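Student: Just dropping this structure here.
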Amino acid sequence: MTPLFRKAVWLLFAVSVCAFAGSLAAQYVLGMEPCVLCISQRLCVLATALCTAIVLMCRPRRRAGGLFGAVFISIPAVTGISVAAYQLWLQSLPPGTAPSCGAPWTFRLKGWPLFDWFEPVVRGFGNCAEPDYLLGIALPVWSVAYFLAVVLTVWWAWARAK
């Protein structure tokens with residue numbers, strides 16, 4: 001792994017941890033009630049952080065290893081982009097016409113062995129079609145920006161690594 005690629009992955013790890021902490025702070029400090037899609041995006045942020053940590057621990061030595069790392073980090077980020085884009089579409093629909101965004105994560109994972117430990121991360125029953133704003137910008141737009149920055153950064157760093 002070249003120094004540039006390694007620094008980029010460290011940066012993505014730090015930004016991902018901050019984004020995850022920010023999503024928890026928005027819920028538990030600011031009192032925002034996350035919806036199912038918000039929690040899905042939160043899980044994609046967490047998965048991105050975990051993928052960057054794994055790539056940092058594996059320390060790929062060849063360009064092909066860096067390629068694997070870039071793909072590995074990009075998968076949860078691209079998934080997050082698609083979830084956030086779907087939520088933006090839901091929020092663009094006229095009031096009352098948006099479909100349900102699914103069963104709450106707490107319902108889906110109730111029988112899971114680690115549910116008691118993981119429950120604060122997936123708790124939330126907000127309405128997916130009702131936008132919440134941060135600095136005047138809808139939260140799914142922030143999510144798309146974050147995930148897009150992850151994808152662009154990791155592929156830029158991989159392309160520059162020689």
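Cβ atoms are placed via backbone N, Cα and C, with glycine included.
For reference, Swiss-Prot lists these features for the protein:
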- 1-8: topological domain 'Cytoplasmic' (TOPO_DOM)
- 9-25: transmembrane segment (TRANSMEM)
- 26-43: topological domain 'Periplasmic' (TOPO_DOM)
- CYS35-CYS38: disulfide bond (DISULFID)
- 44-60: transmembrane segment (TRANSMEM)
- 61-67: topological domain 'Cytoplasmic' (TOPO_DOM)
- 68-85: transmembrane segment (TRANSMEM)
- 86-141: topological domain 'Periplasmic' (TOPO_DOM)
- CYS101-CYS128: disulfide bond (DISULFID)
- 142-160: transmembrane segment (TRANSMEM)
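I'd like these features described in context: how deep, what's nearby, how far apart.
Tutor: Along the topological domain 'Cytoplasmic' (1-8), the predicted structure has mean pLDDT 86.
Across the topological domain 'Periplasmic' (26-43), DSSP classifies residues as 11 helix, 0 strand, 7 coil.
Same-chain neighbours of the transmembrane segment (44-60): 1, 6, 9-10, 12-13, 16-17, 19-20, 23, 66, 68-69, 72-73, 75-77, 79-80, 83, 121, 146-147, 150, counting only residues six or more beyond its ends whose CB sits under 8 Å from a CB of the stretch.
Away from its own ends, the topological domain 'Cytoplasmic' (61-67) comes close to residues 1-2, 5, 158, 161 of its chain (Cβ-Cβ under 8 Å, at least six residues beyond either end).
In the three-state DSSP reading, CYS128 (disulfide bond) counts as coil.
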Student: With Cβ-Cβ distances below 8 Å as the criterion, list the same-chain residues six or more beyond the ends of the transmembrane segment (68-85) that contact it, or say none.
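Tutor: Distant Cβ neighbours of the transmembrane segment (68-85) are 1, 5, 9, 12, 37, 40-41, 44-45, 47-48, 51-52, 54-55, 58, 60, 140-141, 143-144, 146-148, 150-151, 154-155, 157-158.
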Student: Write out how many residues of the topological domain 'Cytoplasmic' (1-8) are helix, how many strand and how many coil, based on DSSP.
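Tutor: Final tally across the stretch: 6 helix, 0 strand, 2 coil.
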Student: So which residues does the transmembrane segment (142-160) touch in its own chain, when a touch means Cβ under 8 Å and the partner is 6 or more beyond its ends?
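Tutor: Residues 4-5, 7-9, 11-12, 15-16, 19, 41, 44-45, 48, 66-67, 69-70, 73-74, 77-78, 80-81, 83-85, 87-88, 134.
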Student: Which of CYS35, CYS128 (the disulfide-bonded residues) has the most other Cβ atoms within 10 Å?
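Tutor: Its Cβ has the most other Cβ atoms within 10 Å: CYS35.
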Student: Rounded to a whole angstrom, what is the C-alpha distance between CYS38 (disulfide bond) and CYS128 (disulfide bond)?
Tutor: 8
Student: About how far apart, in whole Å, are the alpha carbons (Cα) of CYS35 (disulfide bond) and CYS128 (disulfide bond)?
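Tutor: Here the two Cα atoms are 5 Å apart.
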